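To start, the structure itself, in structure tokens.
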Amino acid sequence: MTATEAIAIETRPTPPNLAFENRPSLIGLSREDMAKVLVEKGVPERQAKMRVQQIWHWLYVRGISDFDDMLNVSKDLRALLKAHFTIARPEVVEEQISNDGTRKWLLRFPPRGAGRPVEVETVYIPEEGRGTLCISSQVGCSLTCDFCHTGTQRLVRNLTAEEILSQLLLARDRLGDFPDKETPQGAIVPLDGRKVSNIVMMGMGEPLYNFDNVKAALLIATDGDGLSLSRRRVTLSTSGVVPEIYRTGSEIGVMLAISLHAVRDDLRDELVPINKKYPLKELMEACKAYPGLSNARRITFEYVMLKGVNDSLADARDLVKLLKGVPAKINLIPFNPWPGSKYECSDWETIEAFSDFINQAGYASPIRTPRGRDILAACGQLKSESERMRKTERLAFEAMMIANHGED
Ligand code: SAH
Ligand code: SF4
């Protein structure tokens, strides 16, 4: 995209939502926890299960965000719910739409201990036959991967289960992916089926350092009586928090992506420092033990192409060796440079040669071409609306999210 081409940016901000700030949300609670809070506020115990079922349906099948839309719930109960809880969506600070259909929402959540409201971005990437939503799990990140700009920001806080799930609900609202919602005219979405068919936990943060909230949100996203996303269409990306990889397999059961980026411990210690705690051998053991793997259910290994660092054919050969015995896909990610980063992206010929090598070894290794370039280019304009995230931080974060869109 050149600077002279039209850039389609639409802004549909919503006003700050005070209800969202002041009352606890029912979104993100398990059925048991929802029953508990309802009973605490006066719903008769013998009705609790049935009420939860009704509310669950309204929240996650119908996608409502106003208690008054719960038509089969009595006025009295609606009043009680309104007095104590919220089901409101987060504030949308900005929505941007790229010419290629990629959408990006800047969402604002209450401080919840962080001192001031926090902002996160959620990115939607439509492709033929699927629509992938890239979701954040933390504000900032406590890890310090050398090539990642999020890694230079401190961790502000974990997102709650409600906030993680709200990113999906909001996207489905905005794309007309709930029964009573309209798809905006001209929107680029898959022709058939769901507008959001896939989720990738590849936004900001390390999801396995916020395990409980990510688990709660993903269990609701994949619940068959609600949002009903197939577990095979939900991918969690981790830098390699080994104990929680085992837990992800047994407690969540979604697809796994590993930010590998290096095939030797000395280099990986540098690029992905969590490797010092959980070295490659332990990481690969956890991957091999991941439940339900087959040729149709592979682990994705993400590999960022850094010029002169990890991009030689010897690295490609060692990568193939390392992954032997693991049903694997390899995603080659061209490095997205950011101001002050000490790396460069590998040359295109080098990326192609690397890719050819691993393809010959039997791996389908798509090179992820960045999407939504135009809204990426325009992101500096967000600065005046939001001073909380500096332009450079935003650039790197978006580049990272957009380069890593979904899996089948
Ligand atoms: N924290 C998790 C998920 C978020 S990062 C993780 O590390 O897996 C999503 C992906 O983007 C990771 O593979 C990450 O290594 C990669 N990434 C980070 N910075 C990047 C950059 N500047 N260029 C390309 N990919 C990047
Ligand atoms: Fe955190 Fe992932 Fe970036 Fe590493 S690559 S700093 S784990 S967001």
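The backbone N, Cα and C atoms fix where each Cβ goes, and this holds for glycine too.
Other Cβ atoms within 10 Å of the Cβ of E121 (active site, proton acceptor), summed over all protein chains shown, number 24. Taken from TrEMBL, the feature active site, proton acceptor applies to E121.
The feature domain 'Radical SAM core' is assigned by TrEMBL to 127-376.
Taken from TrEMBL, the feature S-adenosyl-L-methionine binding site applies to G205, E206, S237, S259, L260, H261, N336. When other Cβ atoms within 10 Å of the Cβ of L260 (S-adenosyl-L-methionine binding site) are tallied across all protein chains shown, the result is 29.
Summarising the annotation, TrEMBL assigns active site, S-methylcysteine intermediate to C379.
In sequence order, S136, S137, Q138, V139, G140, C141, T150, L155, N158, L159 are the residues of the chain that are 6 or more apart from G205 (S-adenosyl-L-methionine binding site) and have a CB within less than 8 Å of its CB. A separation of roughly 15 Å, to the nearest angstrom, links the Cα atoms of E206 (S-adenosyl-L-methionine binding site) and E121 (active site, proton acceptor). Checked against ligand 2, the recorded positions E121, E206, S237, L260 give E206 as the ones with a Cβ under 6 Å from it, listed in sequence order.
Contacts of S259 (S-adenosyl-L-methionine binding site) defined by a Cβ separation under 8 A and a same-chain sequence distance of 6+ are given as C145, S237, T238, S239, G240, V272, E302, V304, in order along the sequence.
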